[in-house]
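Asker: Sharing the features that TrEMBL gives for it:
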REGION    1-24  region 'Disordered'
COMPBIAS  1-12  compositional bias 'Basic and acidic residues'
BINDING   Thr126, Asp154, Asp183, Ala184  S-adenosyl-L-methionine binding site
Amino acid sequence: MTDNEKRPDEQLALRSPVDPSNLRMNENKRRAYIKNSHYTLSVRLYTPLRNEIKDASDKQTHFGFEKVNESDKAKKVYSVFENVAKSYDTMNDAMSFGIHRIWKDILIQRLAPSHDTQLLDVAGGTGDIAFRFLNYLKLSGDHINASPKVTVCDINKSMLEVGKTRAKRLGLDGPRINWLQDDAECLHVEDNSYTAYTIAFGLRNVTHVDKAVKEAHRVLKPGGRFLCLEFSQVTNPQMQWIYDEYSFRVIPVLGQLIAGQWKPYQYLVESIRQFPPQEEFRDMIRSAGFQMVTYENLTFGVVAIHSGFKL
């Protein structure tokens, strides 16, 4: 995303006030979290395709701090994305003070793609990673030919539509980008298809993180690289307190002011705290079959870039 991209003014409209009773409920959740947990914020969600959701009423998982049936989480998360698609990029800038742009730039720098890189960007609906990928190739002097260089995969049609609109506005539409509506846990992609797989701020919101990572391993070619940018566990105690206060007190209010709804962003804040800390997720990546697995903390561990290779 470039700094001169247009932002629809209507996304900044104040729709309705925050219910004080809801804020009291959020405060109780915040206190319970700070007392019992040590985790860390979010900007992105994920869910299986609605028509492929299976009955999982006998199994439970988390939807933020709430315990729900697995099938219910899939529906709830899908609904969240439907609601936030149009304001997604605007809220990313507001919640992170624009720092998410730097994090995504670093992700592409770590990937260091070349003209023969075949990238699958999962949970990438609005195109942030794909556009950076193509711009990196252009700036590095690599020729972009007529064949697609990146496939943007997202479960949510509304998110993909936003990405397609942005691509046209930026002059990046056409054969260089493929758009695929698909499920990260069960990709309709052949084995050994891509040389790189990226997912930014989306993995923690799939119902089964381990399945999604195994799918990433399956679709990568031998020698292919997995890169995940995700909110993580803050490493500085003072920073952790500030981060928690900002997450629980400010972000839902920003959601109400900018997007006209606070609940999706309350979920976003809570969902980050449910994602495995860096070392635990590193081990999960190894268990999926990846080798040379590492992670790099950014901004005191607010986010981390996880890397692994299929060898």
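Counting starts with 1 at the first residue shown.
Using the three backbone atoms N, Cα and C, a Cβ is placed for every residue, glycine included.
Model, not experiment: these values are computed from the prediction.
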Asker: If I restrict to non-local contacts, at least six residues apart, and a C-beta distance under 8 angstroms, what lies near Thr126 (S-adenosyl-L-methionine binding site) in its own chain?
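Answerer: In sequence order, the residues whose Cβ lies under 8 Å from that of Thr126 (S-adenosyl-L-methionine binding site) (at least 6 apart) are Ala85, Tyr88, Asp89, Met159, Val162, Gly163, Arg166.
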Asker: What's the longest C-alpha separation between any two of Thr126, Asp154, Asp183, Ala184, the listed S-adenosyl-L-methionine-binding residues, in angstrom?
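Answerer: Spelled out: the longest distance between any two Cα atoms in Thr126, Asp154, Asp183, Ala184 is 16 Å.
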Asker: Hey, does DSSP put Asp154 (S-adenosyl-L-methionine binding site) in a helix, a strand, or just coil?
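Answerer: In three-state terms, Asp154 (S-adenosyl-L-methionine binding site) counts as strand.
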Asker: If we count other C-beta atoms within 10 Å, could you say which of the binding-site residues Asp154, Asp183 has the fewest?
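Answerer: Least crowded of the binding-site residues Asp154, Asp183, by Cβ count within 10 Å, is Asp183.
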Asker: So if I draw a 10 Å sphere around the Cβ of Ala184 (S-adenosyl-L-methionine binding site), how many other Cβ atoms end up inside it?
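Answerer: I count 26 other Cβ atoms within 10 Å of it.
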